[in-house]
């Protein structure tokens, strides 16, 4: 997705060989028209998949997931990273290990909102080690829902998450795939792996 | 806002005299067309205020804030509830006390994204005791930005937050104001306080 790749090149800041900061448009400040374009692109790629629910994880996945849901005409659900006072039981829960924080956290989705009747599109801002996506996939499986695929805004193609999920036979559509952050420079894969 | 009030009456669940659960469309599952209508209504009410940035707090504020930003043609920023690995300094920070959790947490916004040149619209999903809004107001003041007002999806009019903020001379626009949750029933104020 050229608009997104241009934005990453122009505004992304490479902090290390593994860390790309994109908080001018995705992770802290949000660029609403870009999120609209991202949502439209996810909807275009999955328009024939019979999606009934979009699911993401708070917080940075919410903007692209909601825009995808808006275009697809379905609700968007964000998995909670901790149990809140008004969501105490009746949950599907999965554990997600964060390599950056070196800790595990539970994510949870109410059993009210994903069922065996649903066909689910998972959306997230980043795909790196794949732990967050695997947690969402676990929840979709617990619910007995059909998984149509995973839509990722930015995939770090040099980390293992994309391969782990594709090796399960799951469709992964990443709008930008980064092949390297070496030497302070963002390099993209010429062709998306997903095509 | 009738569409929102109807949704609250039809889908909101009164858990106690203080707690309204609206996780079918706002706090966990998001109704994208409703969020679009909410964003349009905030934009309509603040269209002459010269807004340059919309600011909210993760996570439930993100959907309405992004839609308001989209319609107003400005970026939306979500304050972080904890410092992340890639946002370690260069922050405006405020402390927010949660009565429901009985604990204080810091919220923070990068100094890159709100400056003395900005006119800010603050958006949040709920206004109850006002602590979250006061934290955001503190950050706007630290940045030396102009505060155009506060846009709230659901105000609990029987709690003190609305009065505290209006008493500071700050414009508060709430799209639905609940006067009571007594007897398991949602009652709205006949007229919005903000009009």
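Each residue, glycine too, has its Cβ placed from N, Cα and C.
Remember, TrEMBL labels are computer predictions, not curated facts.
Per TrEMBL, the features are as follows:
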type	residues	note
BINDING	B:20, B:27, B:156	xanthine binding site
BINDING	B:128, B:129, B:130, B:131, B:132	5-phospho-alpha-D-ribose 1-diphosphate binding site
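Structural mapping of features recorded in TrEMBL.
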residue	record	Cβ contacts under 8 Å, 6 or more apart
B:20	xanthine binding site	B:8, B:12, B:13, B:14, B:154, B:156, B:178, B:181, B:186
B:27	xanthine binding site	B:21, B:60, B:125
B:128	5-phospho-alpha-D-ribose 1-diphosphate binding site	B:18, B:99, B:156, B:159, B:161
B:129	5-phospho-alpha-D-ribose 1-diphosphate binding site	B:99, B:159, B:160, B:161
B:130	5-phospho-alpha-D-ribose 1-diphosphate binding site	B:159, B:160, B:161, B:162, B:164, B:165
B:131	5-phospho-alpha-D-ribose 1-diphosphate binding site	B:96, B:97, B:98, B:99, B:161
B:132	5-phospho-alpha-D-ribose 1-diphosphate binding site	B:57, B:96, B:107, B:124
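Taken over all pairs of the listed xanthine-binding residues (B:20, B:27, B:156), the Cα spread reaches a maximum of 15 Å, rounded to the nearest whole number.
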